[in-house]
Amino acid sequence: MARALWHAERGRAATTPNPVVGAVIVSDEGVVVGAGHHQVAGGPHAEVVALQAAGALAAGATLYCTLEPCGHTGRTGPCCVAVAEAGVRRVVVATGDPFPEVSGRGFAYLRERGIEVATGVGRRDARRQNAPFFRAVELGRPWVHLKVAMSLDGAVAARRGERTTISGPEAARWTQRVRGRVDAIAIGAATARIDDPLLTARDVYRHRPLLRVVFDRQVSLSPSSRLVGSLDAGPVIVIADGLHADGAAAAGLRGRGVVVQATDGTISGALGALVARGVHSLLIEGGPTLQAACWAAGVVDRVSELVSDCAFGPGAVRWDVPAWLNGWTPRTVPLGRDILMEADVYGTD
């Protein structure tokens, strides 16, 4: 199962809205005869890729898969049928399909045809690996990763309204790698105005462009911003209140190719709108206002603090860490002059 999980990870950021899935086929002699992963949404599922690799050797073998073989017809045929027709004797699965309409259907089909099915092997690891998929299906929102860059004295900016570079080059490269693994990146209106960022994923391979999101209730994003001027690098969505989404500013942005999404003004409403657009994983790089709103809404799944060796002293803008975070046990990794402290705030079970 560990090998199947490794294969699944190879589909990261390419399979949304589908999960990442890996499969390994092992003969009775303990020899791996086939393996594969789901490579892209709409393409063959992991089980089919592994079966094609195994060929006739799949007969009588054991299939290890990170997610329940599908029992319905979508853009591809049902995997459980392919597994049964290949003559697989035993199927070991980490976790079931979370969709209520199809959950357990694949298992039932296999058992009805005399195939032994074992479940729950590596379940925790599989759910963690597919946390974005499970969040979207079970909670109706993306998996949310909050990234905060701060100074040694806890500042996120030297002065209010002033653009401040805090992290070093190693931390910047780490950030690009993270951007390469998510469906979308988000900032608030103030960050868009002060920093005027591009929010692209540079020097990393992506199957499709990174979706760039601005939480901007009053639609204040400038038509001359670098975001609006770089739509060839990836789409931009402005999350606005319903009233402002119908105004002149919104019409002007739409005329430039920006999507303006009307919501009810809440974080949960915004995240629901993003899931409806196929966003299952969201990296938030916004400032203190957006960060505080996400904490208050209880939607942060992972937090990453990049603590640099600089200090800004009195007058700096600081991040108010929620009191309940004082007891967390983060993973700590040195990144040049910065220290990365990272923890999963909410579980996946």
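Cβ coordinates come from backbone N, Cα and C, glycine included.
A TrEMBL annotation is a machine prediction, not a hand-curated record.
The annotation in TrEMBL ties Arg179, Glu285 to substrate, and of the candidates under consideration, Arg159, Arg160, Arg202, Arg256, the one tied to the same site is Arg202.
Residue pairs drawn from Arg179, Arg202, Glu285, the listed substrate binders, are separated by up to 16 Å at the Cα level.
Ranked by Cβ neighbours within 10 A across all protein chains shown, the binding-site residues His45, Arg179, Arg202 are led by His45.
When Cα-Cα distances from Gln291 (NADP(+) binding site) are compared across the recorded positions Glu47, Cys70, Cys79, Arg202, Glu285, the shortest belongs to Glu285.
Checking each of the binding-site residues Cys70, Ala149, Asp195, Arg202, Gly287 against Glu47 (active site, proton donor) by C-alpha distance, the shortest gap belongs to Cys70. A simple Cβ count within 10 Å picks out one of the binding-site residues Thr289, Gln291 as the most packed, and that one is Gln291. Within the set of binding-site residues His45, Arg179, Arg202, Glu285, the entry lying nearest in space to Ala149 (NADP(+) binding site) is Glu285 (CA atoms). Within 10 Å of the C-beta of Asp195 (NADP(+) binding site) there are 18 other C-beta atoms, taking all protein chains into account.
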